[in-house]
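Below you will find the structure I want to go over with you.
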Amino acid sequence: MLLSCSIFRLFCIILLLQLGSIYTKDFTALCSTCRQLVDDFDKGLEKTAKQNFGGGNTAWEERKLSKYETSEIRLTEILEGLCQSSNFECSHMLEENEEHLEAWWFKRKTKHPDLFKWFCIETIKVCCPKGSFGPDCNTCIGGADRPCHGNGKCDGDGTRAGNGKCSCDEGYDGEFCLDCSDGYFNSLRNDTFFLCKECHESCVGCSGGTNQHCKECRNGWVKDQEGSCIDINECIKDPAPCSDDQYCLNTDGSFSCKACDIRCTGCKGDGASSCLNCADGYKDEEGTCTDIDECTEDPASCSDNQHCLNTDGSFSCEEKVPAFNSEGAKTGDSPEKHEDL
C-alpha cells in the first residue's frame, strides 16, 4: 500500500512538471503570435493610410479620407489581412479577441496609441514589458533597462513565461552575469558596466589582455625571463619532430608537418627550391630541382627501335611498329606500346 502511494505521488510530481513545461511553452508562443498579429496590424495601418479615392476633388477627398481614417471599413480591411490562412494560432487569437481590437480602434486608440502594450501586455496578458517575465511580469535581474546587467538574456524576457534566470553571454558567468568566464578578464567595472575581454591566446587565466598578464602559459608556450608567455619553436628541436619526407611549419603555440615536394629528397620548406637533395629524375638548376629530359641524353635512354617519351621525373620507351600506306608500301614507324622505366 505504501509503495502504491509513493508511485502515485511520483506520478503526480512528473505530471505537474510536464504541465509546467507546456505552460511555459504556450505563453512563449502566445506572446510571439500576439507580437506578429500587432506587427501585421501596423502594416495594415500603413497600407490603408494612403487610400486614393481618385475623385479629383481635393476638398471632397479630404472629407472622405478623414472619415475613412477611423472608419469600420478601414478596420475591417486591416483585420482581413492580419493572419495567413495557414497560421492557425494567429487566426484563433484574432477570433477570440476581435472585440478587443474593435474596442481599441473606436475607443482606446487615442489614449493608448501603443497597440502592443495595450493589447498583448495589458488586455489579453500574454506578454510582458521588456525586461520583465512570468505571470506577474516580475523585473529581470539587473533591472528592466539592462536585464542580466547587459551581459546575458533573462529567461522569459518580455513574455508571461520563464523563471527570470540569466543565461550569460560568452565571456560572462555567475547568477547575475557579473563574473568573467575562464579565459576572460575584467577590463572595466563601474556602476553601469561590467566588461569582460578574452585573455591572450598564450594564457591559461590572466589579469590583463597581453602575454605579460598570463597566470600560466598554454601548451606550446613558455615564460621568458621577463615573465611573458612566448611561442615554443618546435621545429628547431632535436630530434626533429617531422619525418625525412616532411618539413616542419611552426605556428603560434603549435606546429605542423607538411609533405615535401615530389621533386625533393628531404626539404626545409615548400616547393622545389627548398629541397635538400633532388629526387631521382630531377636535377639541381640554380637551387631548384627540375625535370631531367632523359630523351636528350647521350647515350640514348631507349633502343634504336623505340621512341623516347619524356615525363615529369621519368620517361618511357615506345616500340616502333612499321607503318604502311593504302597501297601496302612502308611509310615509317608508329608507336605500339609504352614501357615505363
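Cβ atoms are placed via backbone N, Cα and C, with glycine included.
Pulled these from Swiss-Prot:
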DISULFID  C140-C154  disulfide bond
DISULFID  C148-C166  disulfide bond
DISULFID  C168-C177  disulfide bond
DOMAIN    136-178  domain 'EGF-like'
DOMAIN    291-317  domain 'EGF-like 2'
CARBOHYD  N190  N-linked glycosylation site
REPEAT    193-248  repeat 'FU 1'
REPEAT    254-308  repeat 'FU 2'
SIGNAL    1-24  signal peptide
Need the DSSP three-state call for C154 (disulfide bond) to compare against my parser.
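The three-state answer is strand.
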Cα-Cα, whole number of Å: the residue listed as 'N-linked glycosylation site' versus C140 (disulfide bond)?
20
Counting only residues 6+ apart in the same chain, whose Cβ is under 8 Å from the Cβ of C148 (disulfide bond)?
C140, I141, G142, C154, C166, S167, C168, F176, C177
Around the C-beta of C154 (disulfide bond), how many further C-beta atoms are within 10 angstroms, looking at every protein chain?
25
With the cut-off set at 10 Å between Cβ atoms, which of these disulfide-bonded residues ends up with the most neighbours? Options: C140, C177.
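Going through C140, C177 one by one, the largest Cβ count within 10 Å is at C140.
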By a 10 A CB contact count over all chains shown, which of the disulfide-bonded residues listed here is most packed: C166, C168?
C166
I'm checking region-level scores; what's the whole-number mean pLDDT for the repeat 'FU 2' (254-308)?
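Result for the repeat 'FU 2' (254-308): average pLDDT 93.
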Under DSSP, is the residue listed as 'N-linked glycosylation site' part of a helix or a strand, or is it coil?
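Reduced to three states, the DSSP call for the residue listed as 'N-linked glycosylation site' is coil.
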Which secondary structure state does DSSP assign to C166 (disulfide bond), in the simple three-class scheme?
strand
Reported in the order helix, strand, coil, what are the DSSP residue counts of the domain 'EGF-like 2' (291-317)?
3 helix, 11 strand, 13 coil
